[in-house]
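Annotated in TrEMBL:
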- Cys354: active site, nucleophile (ACT_SITE)
- Asp257, Asp301: S-adenosyl-L-methionine binding site (BINDING)
- 143-402: domain 'SAM-dependent MTase RsmB/NOP-type' (DOMAIN)
Amino acid sequence: MKILPYKNLFIGITDTLNNIFFEGKYADKEVERTLKSNKLWGARDRAFIAETVYDLVRWKRLVEGGMARPLSPETIWEFVGTWFALDPDQKLPSWEEFARINHKEILKRHHESAKNIAVAESYPDWMFEVCLDELGKNRWIEEAQAMNSAAPTVLRVNTLKTDRKTLQKLLKERSIKTKLLSLYQDAVELEEKTNIFRTDEFQNGFFEVQDAGSQMIAPYLRVEPGMRVVDACAGAGGKTLHLASLMKNKGQIIAMDIHEWKLKELKRRASRNDVQNVQTRLIEAKTIKKMANTADRLLIDAPCSGMGVLRRNPDAKWKLQPAFLDEIRKTQAMILNDYAKVVKVGGLIVYATCSILPSENEKQVQKFIENNPNYKLISDKTYYPSETGYDGFYMSLIERIA
Ligand SMILES: C[S@@+](CC[C@H](N)C(=O)[O-])C[C@H]1O[C@@H](n2cnc3c(N)ncnc32)[C@H](O)[C@@H]1O
């Protein structure tokens, strides 16, 4: 995007980056907070700030390759200036903050550093190596590149309240252009970024924002109206709400998590969506044991590394640590082993993650089946961002056979 040479926009960008990189804040929340902080910014100003911040979070390592020094709170302006200096079509404003910017030097350093592919694709070395090792070179390079582009905004129509065509028409009346996605039965994609949360349609629960890949998970569980379904890692309920729509609000969904605040948010969303068949339950020491053999269906939307959704959360590239990956694999194995008993004999389980790493996905499931002969793998699938254009997900369907 062309530079908008206004100092207050650049101050917004540098402050936001500082909070993301050095105060541990999440990129999406920080961008939202910055955009709310100045009511006078128009749509173009907002787009410039949001796009520049996301680009810089995504391309941090590549930009550092062109800088004389690493990124620090002291070098944030140089970091932003270097990013624009890498593009010959951009002209930096002649402010003192950009006085150190030397285009020729930057390009020279950039050409040298980008010979390292992890720098060129802007990933930390350890992450690049783990992914190369797990996915192989061809697959990982394609995914690394796909996850460096901006994520589209996709809505899931709430079929308890309306249908896709009606939603599309209502949004069109607000000059919000959308397209229907033929491979995803309830998905509507925005053609341009806009603050969709301000619309009456959102306030009235006609849709939720949910990536197209994520929309494949609930239907994979083959729920039917009247069933008793447990959503074991429900979080704020993205998939719980989808399950409720598929069940036409009939039967019972028990939405569980280890964090009460997430379940509170789930309740708020359920009421906006007119979802009436969900009961929330906080997971405590004996909760899971007590629920053995009670469910027709079990969704395990497991906590994971998020290595399929980096284009939506590019800051995770820099925040994720190898030790966390080890920990999360243990948690996944524990959840699968302990929670699988909740389903009745003949019942179905979906184990899903928003990661494309086999060690969090098919390898976890294989290990579980090997150790638990009462369960059978029916099918599984990984959705790769490079193939779908949406977030990466894994899902497996497991039957309890004895
Ligand atoms: C991928 S997120 C769930 C997203 C959610 N299903 C949705 O669609 O919005 C994983 C969730 O697992 C929860 N979690 C972490 N450890 C858990 C555990 N031991 N048992 C149950 N849930 C757990 C996290 O709090 C988080 O909300």
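Every residue, even glycine, has its Cβ placed from backbone N, Cα and C.
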Task = To the nearest whole angstrom, state the Cα distance for the pair Asp257 (S-adenosyl-L-methionine binding site) and the residue listed as 'active site, nucleophile'.
result = 17
Asp301 (S-adenosyl-L-methionine binding site): secondary structure state under DSSP, collapsed to three categories = strand
Request  = Round to the nearest Å and give the CA-to-CA distance linking Asp301 (S-adenosyl-L-methionine binding site) with Cys354 (active site, nucleophile).
outcome  = 8
Inquiry  = Using a Cβ cut-off under 8 Å and a sequence separation of 6 or more, which residues in the same chain sit near Cys354 (active site, nucleophile)?
reply    = Gly213, Ser214, Cys304, Gly306, Met307, Gly308, Val309, Asp391, Gly392, Phe393
Ask   = How many other Cβ atoms sit within 10 Å of the Cβ of Asp257 (S-adenosyl-L-methionine binding site)?
value = 22
Key: Cβ-Cβ neighbours of Asp301 (S-adenosyl-L-methionine binding site) (radius 10 Å)   = 23
